[in-house]
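**Student:** The structure is given below, and queries will be raised subsequently.
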Amino acid sequence: MNYFPWLTIIVVFPIFAGSLIFFLPHKGNRVIRWYTICICILELLLTTYAFCYHFQLDDPLIQLVEDYKWIDFFDFHWRLGIDGLSIGPILLTGFITTLATLAAWPITRDSRLFHFIMLAMYSGQIGSFSSRDLLLFFIMWELELIPVYLLLAMWGGKKRLYSATKFILYTAGGSVFLLMGVLGVALYGSNEPTLNFETLVNQSYPVVLEIIFYIGFFIAFAVKLPIIPLHTWLPDTHGEAHYSTCMLLAGILLKMGAYGLIRINMELLPHAHSIFSPWLMIIGTIQIIYAASTSLGQRNLKKRIAYSSVSHMGFIIIGISSLTDTGLNGALLQIISHGFIGAALFFLAGTTYDRIRLVYLDEMGGIAIPMPKMFTMFSSFSMASLALPGMSGFVAELIVFFGIITGQKYVLIPKILITFVMAIGMILTPIYSLSMSRQMFYGYKLFNAPKDSFFDSGPRELFLSISIFLPVIGIGIYPDFVLSLAVDKVEVILSNFFYR
């Protein structure tokens, strides 16, 4: 038991500091921006310090545990703790949120509310990744919905109300299933509700009941991840959201769905997961092909990148359903890798739109010459997205491939088929991402346009892009840095499938 409440401070600090924004003096937006960025940096440093000095990597058990009784009536605790599974997403959250706050620099309308919402989301995300109580996990999960809805509805594009409503309907619908699953698991087989993760891991259920719980949780996480056919909110949301919101959506929000699948569906309901994993494998494979093909037909730049995100999530689903150490490690690496690459692509798409005010690819063209820095950065991240060797996406997808091939659960012919179909998906990825670069940057369309609005990336944009590019290259060259965080925890999770 750790006596200093590190995790409580890390979870509560952003939303508490964010609420002080409303009391800052009215001296323009600059004060609010700098205040928010300082809070984000301070939070990231605090998190890094707590993890470096108080977290043992070789211990697969829950660490930094905090447990305070909250509501006595139904045994609800403020229970936090982290392990190898949650440390990567928490650090990714801190990094991407700090950069998204910097990306939101041009926003001037209702600046106080905007920055408060960003910090409230920060708390909700870290709370979701560090909860060790099912009801607390649900509350933190819900803390995400309203901020994203407001960010969409207030600072989005022309169709912002449509996409915000679609987002809230999908995610709130998923949350109903999540709540039903939480209540079902908590109330099963005892007079007192049990919400503690540690107790629930050792709980066993009748097969039919476990399958019902599994489906409830699965629908909630499938909406957030997203898994086809529950993905249609994502392209609309990305198409209308401000690019700083897109960074948070692509970098962190989708990863919460993947985290929930591993943390709850795999860890708490292993029998049902082993029954469903062949179907998940098929869904993941279809998703890679379907989303890559659909992406190719999109005129809207942001929607094309959104469909590429859906395609990349297919690798995470396949890694989770492979039931091997290698596959699950690959899925966790893909979670981190796509968090960086997706956020960077949306940021660059948004800054390009700020300059040329065009969103359809067939209207663009020829901007590589007036904007060479933008061209270089966008091309680099497109290469990272199509899994170029030496970048993080390549390592993650390769490890997922190995996970399928070495898996004991599946016979040879399905493994060969799935690997073959995944390979087709990986061939489609360069087609849509390179054609996107070609339509934007090559040709002569905009070359004759007036040069006033065509200024290249400024120091803020360069700093942001390089800050994301360094981890992408770093993980690509030395993936052990990320893999070592979770490798012991992955073994513990998978031991449930073979020794239970």
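Please read every residue number as a count from 1 along the shown chain.
In case you wondered, yes, glycine gets a Cβ from its N, Cα and C as well.
From Swiss-Prot, here are the annotated features:
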TRANSMEM  4-24  transmembrane segment
TRANSMEM  37-57  transmembrane segment
TRANSMEM  87-107  transmembrane segment
TRANSMEM  134-154  transmembrane segment
TRANSMEM  167-187  transmembrane segment
TRANSMEM  208-228  transmembrane segment
TRANSMEM  242-262  transmembrane segment
TRANSMEM  272-292  transmembrane segment
TRANSMEM  305-325  transmembrane segment
TRANSMEM  330-350  transmembrane segment
TRANSMEM  386-406  transmembrane segment
TRANSMEM  462-482  transmembrane segment
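Could you place the listed features in the three-dimensional structure?
**Tutor:** Within the chain carrying the transmembrane segment (37-57), a Cβ under 8 angstroms from the stretch's Cβ atoms is held by residues 2, 6-7, 9-10, 13-14, 17-18, 63-64, 82, 84, 87, 90-91, 94-95, 97-98, 101-102, 119, 122, 126, 484-485, 488, all 6 or more beyond its ends.
Long-range contacts of the transmembrane segment (87-107) within the same chain: residues 10, 33, 36-37, 40-41, 43-44, 47-48, 51, 55, 114-115, 118, 121-122, 125-126, 129-130, 155, 242-245, 247-248, 251-252, 255-256, 259, 332, 335-336, 339-340, 343, 347, 350, 354, 460, 463-464, 467-468, 471, 482, 485-486, each at least 6 residues beyond the stretch ends and with a Cβ under 8 Å from a Cβ of the stretch.
With a cut-off of 8 Å between Cβ atoms, the residues of this chain six or more beyond the transmembrane segment (134-154) that come close are 76-80, 109-110, 113-114, 117-118, 120-121, 123-125, 127-128, 160-161, 163-164, 167-168, 171-172, 175, 178-179, 182, 185-186, 195-197, 200, 237, 240-242, 245, 248-249, 253, 256, 260, 264.
Below 8 angstroms of C-beta separation, residues 134-135, 137-138, 141-142, 144-145, 148-149, 152, 193-195, 200, 203, 209, 212-213, 215-217, 219-224, 230, 232-233, 236-237, 264, 268 of the same chain, each at least six residues beyond the ends of the transmembrane segment (167-187), sit close to that stretch.
When Cβ-Cβ distances below 8 Å are used as the criterion, the transmembrane segment (208-228) is approached by residues 170-171, 173-175, 177-178, 180-181, 184-185, 188, 234, 253-254, 256-258, 260-261, 264-265, 269, 271-273, 275-276, 283, 286-287, 290-291, 310, 313, 316-317 of the same chain, each at least six residues removed from its ends.
With a cut-off of 8 Å between Cβ atoms, the residues of this chain six or more beyond the transmembrane segment (242-262) that come close are 85-86, 89, 92-93, 96-97, 99-101, 103-104, 107, 118, 121, 125, 128-129, 141, 144, 148, 151-152, 155-156, 217-218, 220-226, 234, 302, 305-306, 309, 313, 316, 320, 328, 331-332, 335, 338-340, 342-343, 345-347, 349-351, 353, 493.
Within the chain carrying the transmembrane segment (330-350), a Cβ under 8 angstroms from the stretch's Cβ atoms is held by residues 85, 88-89, 92, 96, 99-100, 103, 238, 242-244, 246-252, 254-255, 258-259, 262, 301-302, 305, 308-309, 312-313, 315-320, 374, 377-378, 381-382, 384-385, 392-393, 395-403, 461, 464-465, 468-469, 471-472, 475, 479, 482-483, 486, 490, all 6 or more beyond its ends.
Among residues of the same chain six or more beyond the transmembrane segment (386-406), those with a C-beta under 8 A of the stretch's C-beta atoms are 281, 312, 315, 318-319, 322, 324-331, 333-334, 336-338, 340-341, 415, 418-419, 422, 426, 429-430, 433-434, 471-477, 479.
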**Student:** Short question: which residues 6 or more past the ends of the transmembrane segment (4-24) have a Cβ under 8 Å from it?
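**Tutor:** Residues 31-32, 35-36, 39-40, 42-43, 46-47, 50, 54, 64, 66, 78, 80-82, 90, 112, 115-116, 118-120, 122-124, 126-127, 130 contact the transmembrane segment (4-24) from elsewhere in the chain.
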**Student:** Which sequence positions outside the transmembrane segment (305-325), separated from its termini by at least 6 residues, show Cβ-Cβ distances below 8 Å to it?
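**Tutor:** For the transmembrane segment (305-325), the far contacts come to 225-228, 231, 234-235, 237-239, 250, 254, 258, 261-262, 266, 274, 276-278, 280-281, 283-288, 290-292, 294-295, 298, 331-332, 334-335, 338, 342, 345-346, 349, 385, 393, 396-397, 399-400, 403-404, 406-409, 418, 422, 425, 428-429, 432-433, 436, 487, 490-491, 494, 497.
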**Student:** Could you give the residue numbers and ranges of same-chain residues that sit at least 6 residues beyond the transmembrane segment (462-482) on either side and whose C-beta is under 8 angstroms from one of its C-beta atoms?
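**Tutor:** Beyond its ends, the transmembrane segment (462-482) has Cβ neighbours at 88, 95, 99, 102-103, 332-333, 336-337, 340-341, 343-344, 347-348, 373, 377, 380-381, 384, 389-396, 399.
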